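Heads up: the structure comes next, in structure tokens.
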Amino acid sequence: MTFLPLLFIFFFLTSIPFPAFSQYNDRSTLLNLKRDLGDPLSLRLWNDTSSPCNWPRITCTAGNVTEINFQNQNFTGTVPTTICNFPNLKSLNLSFNYFAGEFPTVLYNCTKLQYLDLSQNLFNGSLPDDINRLAPKLKYLDLAANSFAGDIPKNIGRISKLKVLNLYMSEYDGTFPSEIGDLSELEELQLALNDKFTPVKLPTEFGKLKKLKYMWLEEMNLIGEISAVVFENMTDLKHVDLSVNNLTGRIPDVLFGLKNLTELYLFANDLTGEIPKSISAKNLVHLDLSANNLNGSIPESIGNLTNLELLYLFVNELTGEIPRAIGKLPELKELKLFTNKLTGEIPAEIGFISKLERFEVSENQLTGKLPENLCHGGKLQSVIVYSNNLTGEIPESLGDCETLSSVLLQNNGFSGSVTISNNTRSNNNFTGKIPSFICELHSLILLDLSTNKFNGSIPRCIANLSTLEVLNLGKNHLSGSIPENISTSVKSIDIGHNQLAGKLPRSLVRISSLEVLNVESNKINDTFPFWLDSMQQLQVLVLRSNAFHGSINQNGFSKLRIIDISGNHFNGTLPLDFFVNWTAMFSLGKIEDQYMGTNYMRTNYYSDSIVVMIKGIALEMVRILNTFTTIDFSGNKFEGEIPRSVGLLKELHVLNLSNNGFTGHIPSSMGNLIELESLDVSQNKLSGEIPPELGKLSYLAYMNFSQNQFVGLVPGGTQFQTQPCSSFADNPRLFGLSLERVCVDIHKKTPQQSEMPEPEEDEEEVMNWTAAAIGSIPGISIGLTMGYILVSYKPEWLMNSGRNKRRIKPI
């Protein structure tokens, strides 16, 4: 009686399709995996009532789960042990998550894997020596952008079916194995951005990778010469990047003989010799040999690279002329040859055929005229040709070029006049009015016309430059008033050293992003702009040498680090709590040193600069450290006591209150100014004793107490003993050991002693100075500059050596 029911059950079960069983098993396993992952919301559609082959992030083949894609799911913890409980799993992507811990050897159980991506996680520790226990048919292995350390194990070379191996951007601090060369099927190798690798030559064993198409070995501490043996059999190679290493010697000819090569990056090494003359890699699109020590001439054969879009040869020792054939490259977009020793004229053909976007040949010895057709293709964005021997007129076509955002022409020999767009005349001295065509450059980010001889008023149409971040019109002959409605995107305004009059426009208060405002040495007649205290980003305020007047009774500049209101007509007393809100000078906290202005435009093309009085000398600070702080109230008519709240400014470096009418004592709270380097309170009506607390300020190298009414002992301490006599002059009731040692010319009653020589000033460690008494060096005309234009040009390559960090978190 039991035989027939059993037989019925057997036939029933065998009649059910096998994929249905497989899906049932996989569904159960997937639900367990979901549980192990903490039941994330992104897997909410996984349930026990639907087929797993219809679930998101799951792919099936013939009813079997063959692919799991958990990319960018914000998963945390360790990789679940259930991840390999799918007998037909071929592809597993766990990238862009927060999985942590050591390499998950549980993946050894995924025996049919062909694709494994663990990149962009938090894995650490060393890769296991037996990593070759991964699936024998594995073709794609990506472990990049984790925190793996130590050596890359030799056995990685035994995963014999690999076509792609990505190990870039981790913390490896050992070696990478030459056994990688045993991966005969490998097509893509990325070991880049691992600068902690032990220095090593490029292994000749890599020459066995005959199927390799993509080689990215940037910034991984490679040394020695590039061996031709490595590349002579890589006939399929399309991309080679060996940049930012310490490679030496000549560039092997074999690299320029790779007929499938489209991109070659060798920049920022120590390569020498000439560029190979024969170039048969006719498919090259990008060629970057910049920042080496290459010499000789630019090969004429580069003119045969008809697919070339980018040619970077800057910062080398190249000589000779620019080959005319380069001007005939039909696809050329970027030509950067700056900082070499190139001579001759710029080929007139450049820009006429191609859709040229960037043309940079500054700091050479080029002569002749600028080509007329640079913007013929209608795509030109930058023309940077400063510091050459160029002459003639500036082409009208530059004025008509609507896409142009960057022009640097200074330090050349341009002459004559030029009509630009609206008959505005300018020449190499750049006199006359500011051309209004500038206002039509709607993508303009930085406008620097400083140190010229422009006259007339500032064009009101500047208000139309909605993307402008830097406006520098300083050191010209501009007159009239400051325009209203300057772009609210501006971060830095420098209109100092002109003849501007009137008042500061109240519309400035709308520029909430403003960090620097410099209007020094004009004829502005206004009261103190207390209304600027609502600008939460304002760090530098320079009003010196104008006709500002009135009292200053309120101040709430929380971010202010540099304020110079010297040489005006301010008066009245300063409240005792005047400095209470200047919190940026209380403590800078832990911030990284950088120069102001280098964050503008998302590049490092520009740095703010100002003139400050320090140690009694006017100095031009060509770059401003974000940790530098100074207060200069000198040359006004302030009265009353110095506010005690000045002692709160523990990060203050320079304090100048000289040439006012301050009375009373120097507040002892100044002894709290532990970073103070320069103190000038001369030419006031201060009385009492000099606070002994000042003698404990170890950085205080310069002090000036002259022309006051101080009495009593001068404090001891090295700082006081090394000051010149002039620092204490015209205080007849001062006396003490310090004066007896160095100031016998003032105090005749002290024993005759030899005057101590004035010590040389220590080199400033926190500032990069161009020191000069103001007016002692004639200004240098730097020319008409637009777009990414700067006082001290810093090539982009120096700031963006990591340009090949291609992998970013997906949206």
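Heads up, the Cβ atoms here are built off N, Cα and C, so glycines get one too.
Over the repeat 'LRR 2' (87-110), the average per-residue pLDDT in this prediction is 97. Swiss-Prot lists 87-110 with the feature repeat 'LRR 2', giving sequence analysis as the kind of evidence.
The repeat 'LRR 5' annotation in Swiss-Prot covers 161-183 and is backed by sequence analysis. Sequence-distant contacts of the repeat 'LRR 5' (161-183) (same chain, six or more residues past either end, CB-CB distance under 8 Å): 114, 119, 124, 136-155, 189-194, 196-198, 200, 203, 205-209, 216, 220, 805, 807.
According to Swiss-Prot, the feature repeat 'LRR 9' maps to 260-281. Remark: secondary structure over the repeat 'LRR 9' (260-281) totals 0 helix, 6 strand, 16 coil, with classes taken from DSSP.
Listed by sequence, the residues of this chain that lie at least six past the ends of the repeat 'LRR 11' (307-329) yet keep a Cβ under 8 A from its Cβ atoms are 262, 267, 275, 282-300, 335-354, 360-361, 366, 371, 795, 797. Residues or ranges marked as repeat 'LRR 11' by Swiss-Prot on the basis of sequence analysis: 307-329.
According to Swiss-Prot, the feature repeat 'LRR 12' maps to 330-354. Tertiary neighbourhood of the repeat 'LRR 12' (330-354): same-chain residues 285, 290, 298, 306-324, 360-377, 379-380, 384, 390, 795, selected by CB-CB distance under 8 Å and a gap of 6+ residues from either end.
Per Swiss-Prot, the feature repeat 'LRR 13' maps to 356-377; the stated evidence is sequence analysis.
According to Swiss-Prot, the feature repeat 'LRR 14' maps to 379-401.
If you look up Swiss-Prot, you'll see 539-557 marked as repeat 'LRR 20'. Within the chain carrying the repeat 'LRR 20' (539-557), a Cβ under 8 angstroms from the stretch's Cβ atoms is held by residues 496, 515-530, 532-533, 563-575, 578-579, 581-582, 584, 596, 608, 610, 624, 626, 632, all 6 or more beyond its ends.
Per Swiss-Prot, repeat 'LRR 21' is recorded for 558-581.
Annotated repeat 'LRR 23' per Swiss-Prot: 650-673 (among others), in sequence order.
The list of residues near the repeat 'LRR 23' (674-697) in space but at least 6 beyond its ends in sequence, with Cβ under 8 angstroms from a Cβ of it, reads 613-616, 629, 634, 642, 650-668, 703-717, 719-720, 734. Look at Swiss-Prot and you will find 674-697 (among others) tagged as repeat 'LRR 23'.
As annotated by Swiss-Prot, repeat 'LRR 24' applies to 699-722.
What Swiss-Prot records for 1-22 is signal peptide, and it gives sequence analysis as the kind of evidence.
Marked as topological domain 'Extracellular' by Swiss-Prot: 23-770.
Under the heading transmembrane segment, Swiss-Prot lists 771-791, citing sequence analysis as support.
For the repeat 'LRR 21' (558-581), same-chain residues at least 6 beyond its ends with a Cβ under 8 Å from one of its own Cβ atoms are 520, 528, 536-552, 610, 612-613, 624, 626, 628-646, 648-649, 656.
Mapped onto DSSP classes, the repeat 'LRR 21' (558-581) shows 0 helix, 8 strand, 16 coil.
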